[in-house]
Structure formats: structure tokens, C-alpha cells
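Participant: Below, the features straight out of Swiss-Prot:
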SIGNAL    1-21  signal peptide
DOMAIN    22-71  domain 'PSI'
CARBOHYD  Asn48  N-linked glycosylation site
CARBOHYD  Asn97  N-linked glycosylation site
DOMAIN    131-371  domain 'VWFA'
BINDING   Ser144, Asp147, Asp148, Asp271, Lys355  Ca(2+) 1 binding site
BINDING   Glu179, Asn235, Asp237, Pro239, Glu240  Ca(2+) 2 binding site
CARBOHYD  Asn260  N-linked glycosylation site
CARBOHYD  Asn387  N-linked glycosylation site
CARBOHYD  Asn418  N-linked glycosylation site
DOMAIN    456-491  domain 'I-EGF 1'
CARBOHYD  Asn463  N-linked glycosylation site
CARBOHYD  Asn471  N-linked glycosylation site
DOMAIN    492-538  domain 'I-EGF 2'
DOMAIN    539-575  domain 'I-EGF 3'
DOMAIN    576-615  domain 'I-EGF 4'
TRANSMEM  710-730  transmembrane segment
TOPO_DOM  731-788  topological domain 'Cytoplasmic'
REGION    731-758  region 'Interaction with HAX1'
Amino acid sequence: MGIELLCLFFLFLGRNDHVQGGCALGGAETCEDCLLIGPQCAWCSQENFTYLSGVGERCDTPANLLAKGCQLNFIENPLSQVEILTNKPLSIGRQKNSSSIVQIAPQSLTLKLRPGSEQTLQVQVRQTEDYPVDLYYLMDLSASMDDDLNTIKELGSLLSKEMSKLTSNFRLGFGSFVEKPISPFMKTTPEEIANPCSSIPYFCLPTFGFKHILPLTNDAERFNEIVKNQKISANIDTPEGGFDAIMQAAVCKEKIGWRNDSLHLLVFVSDADSHFGMDSKLAGIVIPNDGLCHLDSKNEYSMSTVLEYPTIGQLIDKLVQNNVLLIFAVTQEQVHLYENYAKLIPGATVGVLQKDSGNILQLIISAYEELRSEVELEVLGDTEGLNLSFTAICNNGTPFPHQKKCSHMKVGDTASFNMTVGIPNCEKRSRHVIVKPVGLGDALEILISPECSCDCQKEVEVNSSKCNHGNGSFQCGVCACNPGHMGPHCECGEDTLSMDSCREAPEHLSCSGRGDCYCGQCTCHLSPYGNIYGPYCQCDDFSCVRHKGLLCGDNGDCECGECVCRSGWTGEYCNCTTSTDQCVSEDGVLCSGRGDCVCGKCICTNPGASGLTCERCPTCGDPCNSKRSCIECHLSADGQAREDCVDKCKLAGATISEEEDFSKDSAVSCSLQGENDCLITFLITTDNEGKTIIHSISEKDCPKPPNSPMIMLGVSLAILLIGVVLLCIWKLLVSFHDRKEVAKFEAERSKAKWQTGTNPLYRGSTSTFKNVTYKHREKQKVDLSMDG
């Protein structure tokens, strides 16, 4: 016993250290209330155990209770535990007796859980070799499947031959379906009821819902013979009643012939979608499917026109419950629909069926091998509200969190799964949960019991003397007072005490609503936010204002609802620093002389000033030039007139000081050119309040006034000199031009050569004119004389 307690002690110390304060703050007054706070909490049932005040101090972490003086054997802390009831070893190799095959371990266990805690257990699964197989062939016999029916006439023999390579114990059966034999799913004229294909013309069987034709058998020839004798039928709409048939094939276990220790394969063959759920309301069928077997003496579905089609959820429940693995063999056009169904149905697979079912054999073999290469767990039973999680550890040893399926397994490989179970709340009932591999009959049964009570609750002293002469019952180290009594030991009477002594004012709540009045005194409640204190529980250390989510800006202490700031901080929220280090600009001036330092930050007061230290100010000018008017007024004024400069200095934000005792290290040296061209120098400093002080104003290097006569004389002489120079230049230019013209004339004259002759310009003083008319008349006279 001592070793167990010592081990328990070290276990307590290591558990949940990060929540050690949560148990004591929960306000638990009984052991059971303490356990409900969390799995890390424990209760001290030791008599006369006190620490500080209040019954709630008995509830804490085991380590804290030990530190408070509670003896280890009085600490109530029930632990979650797993007890394995049945754990047969997994089967290895081929087994002669299929009933002795074990494919999951363990097989049964009990699990005791503390609310809020979790427990992890390991489940192992191994598929045994040469496991028996039952295959039920469920075929759509609507008119469009006529060629498929001819193709599978020898399927039984071929399938048995191929399956014999995989298992030595194989059986197969046959069933068919069309549609609910009711309008609007079929035509209801007498001729078409008798022969739905009369309009083709072709003979068809009357429309039927589901027919179970051949129970599971190992006689392949019998299967072939049954298939050869089948005839097609017909209906109106494209979706068929296949889900009705699946439901009956899954739940009619005895008539189908499903064995308990075999792999149940249901091959669904169709070229159309299937009705489900409330589709049958079109025919006026409103009674939900009950999930029961309704095969009559002829092995036909007798409730086809009475019950609705099953829903997907109902199919999942019955397929899982009866360990049936569904293989959808459908045409290419329907694959996308049935793939969606297969994602919801555990263990279901989908294969593409050729138009004439020519590949059905290969499809079945491939689906079987795929199913045998996968191990997937499913959880059944009372699982609502449980916290369940899985981690798969497949054949390569790699863990896959949040996964309960292993793929690409070989028959004989072992798949392990870590299953974590937790319950969030205390429950007065036990739960029964089943964990099983999909498609296998083996299962792990788990009985989950909540651990919500303490062992000390079994021992109760009614009207105990430990409770003030029998005024209460003593249990788990505390008194449960009888009516009319109160107090830790039931020492106070409710009738004899006034609650007024626990009120700060008559209109206030007792103990400010944050404590209990015991025997005229307030016992303040524990709070997860901090301490509640005061004679009336009126104070606390967590109700002060917050800055950026931090109590008192994390720079002060909360005392009775008000922030008391630490050194270096001020303000209602203690968020305002008194330091001015961040306000000093690079030149050492507080806020560059353009603002005030408030809460450690510069508030720029000069228009246009900005920046962390108001260093940017396009409209401000430099700090020296901004003081020009004040400085020039001070230098030009004498005596009483200097008082007139005070206003100008105020506008410039400065004060002139004659004191020489100041710190020159942080002073700014300024130089300005005055109106009289004198160089003005002065120093600028800043006092503790951020005000600008001007020191050491001096004026030097003033230029002498100009000599006006000398300037005028110089200007006159310069003008005269310029005139003389211009005249000389003009004279030189004229002389140069004349000389050039004379030289040109002399050159032309030297080139001239004169000859004697008549002057072409001379004319004589006389002129001779000849009368042309006179000569013509003389000629006429001569002619007349000759004629005569």
C-alpha cells in the first residue's frame, strides 16, 4: 500500500502543473464538485484540514494539497484506467475452423474515465488467410440490361474458378430488381402490366421490386442455370429500385444465407441511377422504410408498394450492422453518382461496367483484392458526446494521426490503431461502444464508465458531533449543515444572525454579492481573475481600467478598483510616462522647440510641425531665425523700451535671460545677419517645462558707413574716363575706314589705259534728212514719157 501511495504521489506532482490554480478557484464545496472542475483536481478529506480560509481550499491539485499539509492517504483523486477483459491472440496463417478465427485484439475491455480526461488504448487488426467469402450477385433486370444477362450465363463457373485461387471456401447467390410496381414508375394499363414491353413488341416479365432467386451456395452450375432462366422486365423512369434490393439483401440474413464467419460481398450491377429517400412520395408512398426483412414465401419483396425507398443513412446502418461490403458495378455514365454513394458507405467500392458486362469477372476480382488490401475501423454504439480520435500505424510503422484506415496491406499484415477516448462531462450512466473492422464480424466491445464520485462519499456520519453537536452530517472532511444552520462547522443559526453586518450599506448586497456571510462575517469568493478582499468583499485587484488589454497599462497596481501607478508613470490608466528622453531632438532641444512633451511623446504646437520630435516643419523656418524679431528688438531698445519687446518675444515663443549661469552643453548656438549688417550671436536653451530661453546676445563685425564724396568722385571720374575711351575708339575706326577707301581708289586709277578716237558721246551740229516721197514721183514721170 505504501509503494502504491508513493507512486501515486509522484504521478500527482507531474500532472497538469499549468492549471494548478484552477482547482482552488472553482469554488467547490464537496468532493464531487471538485472532481468535476477538471481531471487535475483532487480533494482533501482530512479532518480539521484548514489552509487560509474557506471550504474551497480542500480542492486543489494533489501537489498543492500535499504542500498545504494534507496527508497522501486522504487525497481523493480517482484516475482513469483501462481493464482488458478478453484479449485472445490474433490468428496466424490458415485456420481449419473459421469460428475460431481472431482478427482483432483485444476483444473486450472496460474503461473508467474522469470527466475532461482522455485515455489511449491500442487496437490491432490482422486479416487471416483463406477467409471464407459469400458473394451475392444483385442484378438490374430492366430492359436495357438484356445483353448483360446473356453475357453472365457462365459467370458462376468462371467466378468460382477464379475465387478458388483466393479462398477455399466460396459461395455465391443471385437476386434481381427492377422498380416499385406502381404508377408513375410503371405503366398501369392491363396490357402493359402483364407485359411492360408490349409496345416494342417483346415479352417481358411484369415489373417487380426485388426477387431473391438463389441463396448462397457453392454450386456454381446451379448459379449458371438460374441465370440462364432469367428474363428481363421494364419500367418507365430511368432510376431503378436498386436501393430497395440492397436493403433486403443486407437484412434478410437467413434467407440470403450470410454466414457469421465469412466476408460478405454484395455485387450491385446496373446501368442506371437508383431512387432513394422520399422519391416514392411521387407514388403516394409515405411510410418510411423500417429496415426489416420483408421477403414473402416466394422470396419477393412484399412491401415494395408500401414502404419508401431507404435513405443513404439507413443503408449505411444496415450494411455496417450486417458486415456487408458493397461493390457497385455500373456503366461509365453512372460512375460519378455511385462514387458519391461509395464515399459515404464504409467499405464500398465502384467499378466501371462494360455495356454488356463483359468485364464483370475482372471487376469482381479487382474489387475483392482491393477490399482485402485495406483495413478500416468503424465505431458503433453509444458514441454521442464522446471525444474519439484515431492514429493509424500501418505495415511500415509510420503513424498517421486522425486516420483510422490502412491501405496497401497484405493478407497477414498487422495494422495497429491508437484510439483515444474522452468524456467531457460527468454522466450517471455507462456507455457501450463497439469498434470493428469494416466488413469483418470481429469486434472490440468497450464499456465506458464515468469516474465522478469519491470513495469518502461512501462514509457519512449523520448528525455528527463534529458538526456542532449534530447540526450536520460529516462527509469527506466537511460538514453538510442541516436546515437552519450554517458555517464551516454548522456553528451559526440562520435565525439568530442578521445579514446587516455583512452589508456596507442597507441598499447593498450581502458581502457585495461576491462572498458568503458566515456568522456575521464575509468570506469572499475565490475568483479566477484575482483576489477579492475587504470587510464587505467590496475590493478586488482586477476591476481597474485597462490600457491595450493590460490592467493599469501593466505599469501600476490595482488597489480596490483604482490604479496606483509605479514610479515613472502617471495618468488614469498608468500609461503616461514621465520620462522626456524620447522627446529630445538630435540637436538636444525638447521637441525641437516646436511642441510639448506629453506622456513621453511630442505634441507639436507650431503649425506645420511634425515628426517624433517635431523635427519636420516646412513652414516654421529654423529655430534661430524664428527669434529674429525678438533679438533685434532687444538690441535696438534701451532701458524702458526693452519692456515693449516682451510681446514680440512671446510671439516667438522665447524669453530673454541675462543670467550667465546655465548649461552650455545642451545650448543651440545661433548666428543672424542684422538689419545693419552686424553679426548677431546668441544661445538657445530649454528649461524643464520645455520653454525656450535666449542667452548671451551679442552684436559684432558691424561694417563702417560708406564715404559719399569719394564715391561720387569715383563715379564721375569713371564716367569721364569711359567717354574718352569711347571717343578714341571711334576716331580709330573712322581713320581706318578712310585709309582703306583711298588705297582702293589709287589702285583703280593705276590700272586705267586710254586710246585716241571719237568721243562716243559727241554729236555734230548739223543733220541731213531725205524725202522719200520725192523720189517716187520722179520715177513716175519717167514711166509716162516712155509710154508716150
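Cβ atoms are placed via backbone N, Cα and C, with glycine included.
Neighbours and distances for these, please.
Facilitator: Model confidence over the domain 'PSI' (22-71) stands at 80, taken as the mean pLDDT rounded to a whole number.
Cβ neighbours of Asn48 (N-linked glycosylation site) (same chain, under 8 Å, six or more residues apart in sequence): none. Asn48 (N-linked glycosylation site) carries neither a helix nor a strand DSSP state and counts as coil.
Secondary structure at Asn97 (N-linked glycosylation site), as computed by DSSP, is coil. Long-range Cβ contacts of Asn97 (N-linked glycosylation site) within its own chain (separation 6+, distance under 8 Å) are none.
Listed in sequence order, Asp271, Ala272 are the same-chain residues at least 6 apart in sequence whose CB falls under 8 Å from the CB of Ser144 (Ca(2+) 1 binding site). DSSP classifies Ser144 (Ca(2+) 1 binding site) as helix under the three-state reduction.
Around the Cβ of Glu179 (Ca(2+) 2 binding site), the same chain contributes Ser142, Phe185, Met186, Thr207, Gly209, Asn235, Asp237, Glu240, Gly241, His275, each under 8 angstroms and 6 or more positions distant in sequence. In the three-state DSSP classification, Glu179 (Ca(2+) 2 binding site) falls within coil.
Counting every protein chain shown, the number of other Cβ atoms lying within 10 Å of the Cβ of Asn260 (N-linked glycosylation site) is 11.
Its own atom aside, the Cβ of Asn387 (N-linked glycosylation site) has 14 Cβ atoms within 10 angstroms in the protein chains shown. In the three-state DSSP scheme, Asn387 (N-linked glycosylation site) falls into the strand class.
The Cβ of Asn418 (N-linked glycosylation site) has 16 other Cβ atoms within 10 Å, all protein chains considered.
Mapped onto DSSP helix, strand and coil, the domain 'I-EGF 1' (456-491) counts 3 helix, 12 strand, 21 coil.
For Asn463 (N-linked glycosylation site), the count of additional Cβ atoms within 10 Å of its Cβ stands at 12 [all protein chains shown].
Within the same chain, residues at least 6 positions away in sequence whose Cβ sits under 8 Å from that of Asn471 (N-linked glycosylation site) are Asn463, Cys479, Cys481, Asn482, His485, Cys490, Glu491.
Under DSSP, residues within the domain 'I-EGF 2' (492-538) fall into helix, strand and coil as 8 helix, 14 strand, 25 coil.
Beyond its flanks by at least six residues, the domain 'I-EGF 3' (539-575) meets 514, 527, 529-533, 599 of its own chain at Cβ-Cβ distances under 8 Å.
When the domain 'I-EGF 4' (576-615) is classified with DSSP, helix, strand and coil residues number 6 helix, 13 strand, 21 coil.
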Participant: Using the recorded Ca(2+) 1 site (Ser144, Asp147, Asp148, Asp271, Lys355) as reference, state which further residues of the same chain have their Cβ within 8 Å of the centre of those residues' Cβ atoms, listed in sequence order.
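Facilitator: Filtered neighbour residues, in order: Met145, Asp146, Thr331, Asp356, Ser357.
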Participant: Taking the Cβ of Lys355 (Ca(2+) 1 binding site) as reference, which residues of that chain separated by at least 6 in sequence fall under 8 Å from it?
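Facilitator: When sequence neighbours closer than 6 are ignored, Lys355 (Ca(2+) 1 binding site) has Asp147, Asp148, Asp271, Thr331 within Cβ distance under 8 Å.
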Participant: Under 8 angstroms, Cβ to Cβ: which one of 22-71, 131-371, 576-615 has the largest number of such pairs with the domain 'I-EGF 2' (492-538)?
Facilitator: 22-71
Participant: Closest of the recorded positions to Asn260 (N-linked glycosylation site), Cα to Cα, picking from Pro239, Asn387, Asn418?
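Facilitator: Minimum Cα distance from Asn260 (N-linked glycosylation site) across Pro239, Asn387, Asn418 lands on Asn418.
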Participant: How many of the residues that make up the domain 'I-EGF 3' (539-575) does DSSP mark as helix, as strand and as coil?
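Facilitator: Output for the domain 'I-EGF 3' (539-575) reads 3 helix, 16 strand, 18 coil.
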Participant: Quick check for the class: what is the C-alpha distance, in angstrom and rounded, between Asn387 (N-linked glycosylation site) and Pro239 (Ca(2+) 2 binding site)?
Facilitator: 40
Participant: Near Asp271 (Ca(2+) 1 binding site), how many other Cβ atoms are within 10 Å of its Cβ?
Facilitator: 20
Participant: What's the CA to CA span in angstrom from Pro239 (Ca(2+) 2 binding site) over to Asn418 (N-linked glycosylation site)?
Facilitator: 43
Participant: Highest CB neighbour count within 10 A among the binding-site residues Asp237, Glu240?
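Facilitator: Selected residue: Glu240.
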